[in-house]
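Peer 1: Below are the features I grabbed from Swiss-Prot:
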BINDING   Ser45, Ser46, Thr163, Gly185, Asp187, Glu188  aceneuramate binding site
ACT_SITE  Tyr134  active site, proton donor
ACT_SITE  Lys161  active site, schiff-base intermediate with substrate
Amino acid sequence: MKLEGIYSALLTPFSEDESIDRQAIGALVDFQVRLGIDGVYVGGSSGEAMLQSLDERADYLSDVAAAASGRLTLIAHVGTIATRDALRLSQHAAKSGYQAISAIPPFYYDFSRPEVMAHYRELADVSALPLIVYNFPARTSGFTLPELVELLSHPNIIGIKHTSSDMFQLERIRHAVPDAIVYNGYDEMCLAGFAMGAQGAIGTTYNFMGDLFVALRDCAAAGRIEEARRLQAMANRVIQVLIKVGVMPGSKALLGIMGLPGGPSRRPFRKVEEADLAALREAVAPVLAWRESTSRKSM
């Protein structure tokens, strides 16, 4: 089973009433396949999972797996505050045909380090699927290198989703545990992550620019660094506008610009305005031109 590679942190399409648009899931998953990415990471931050009930999250895991129908590698994010809820989602992911699970640390309460470590050990012990630890210090308690090394010593913990700008720590993880899979988590630092040893990347903007990041990965692997830097800069121009607009609603708006259903984000995320759409269209135009040029060359 190949778990390395480029994964979109799959968005969740909503209808105008903020219910999950189940009719749109197939089109979104089909687009991920056409982008040529390796898989999808379902139910994470980009999917607005923390704005959903457990039943909604479980249903979405099932719907995405059915739509993918074996065409993509599937990683289910099952992270929650409560260990029992993460275990429930983990069991559901296994039944739905996922290849791995991932989990952010328990948050909101000031859990002790032993409590956080015990949470992961129990999840890894019980899960029928391999576990990828989600290291996201900007949103939850981060991990020290010794803590990550300890977690990765568990036979069912196979990797780290490193959503951090700390490239020193990323490289030290790769050095300390060479067999672990390390996924870069910040899209705007994808090339840096690969340069420091990441074997994969999981990102929000891969939902609509996954083909660009596949090309970036291939250029980096082939030593074509200037070309990879050019692709990273092209992506970063889009990301810079997304940060101003709001990454979640802006990303869904970009799906709409590309003719795909995304819908709004759930409140309290704001609605995208016309001025935002104009800025997003301008920013993504070079990516669309690159895609068209690349498509012509491959014909």
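Every residue gets a Cβ built from N, Cα and C, even glycine.
Walk me through the surroundings of each of these features.
Peer 2: Shown in sequence order, Asn135, Phe136, Lys161, His162, Thr163, Ser164, Ala201, Ile202, Gly203 are the residues of the chain, 6+ apart in sequence, with a C-beta less than 8 angstroms from the C-beta of Gly185 (aceneuramate binding site). Look at Gly185 (aceneuramate binding site): DSSP puts it in coil.
In the three-state DSSP scheme, Tyr134 (active site, proton donor) falls into the strand class. Tyr134 (active site, proton donor): 25 other CB atoms within 10 A of its CB, across all protein chains.
Annotation note: Lys161 (active site, schiff-base intermediate with substrate) sits in a strand segment as assigned by DSSP.
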Peer 1: Run through the Cβ atoms and count how many others sit within 10 Å of the one on Ser46 (aceneuramate binding site).
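Peer 2: Other Cβ atoms within 10 Å of Ser46 (aceneuramate binding site): 24.
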Peer 1: Calculate the distance in Å between the alpha carbons (Cα) of Ser46 (aceneuramate binding site) and Tyr134 (active site, proton donor), and round it to a whole number.
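Peer 2: Each residue's Cα considered, Ser46 (aceneuramate binding site) and Tyr134 (active site, proton donor) end up 13 Å apart.
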Peer 1: Just the number: how many Å between the Cα atoms of Asp187 (aceneuramate binding site) and Tyr134 (active site, proton donor)?
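Peer 2: For Asp187 (aceneuramate binding site) versus Tyr134 (active site, proton donor), the Cα atoms are 15 Å apart.
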Peer 1: For the recorded aceneuramate site formed by Ser45, Ser46, Thr163, Gly185, Asp187, Glu188, which further same-chain residues have Cβ atoms within 8 Å of the site's Cβ center?
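Peer 2: Checked against the 8 Å cutoff, the neighbours are Ala9, Tyr186, Ile202, Gly203, Thr204.
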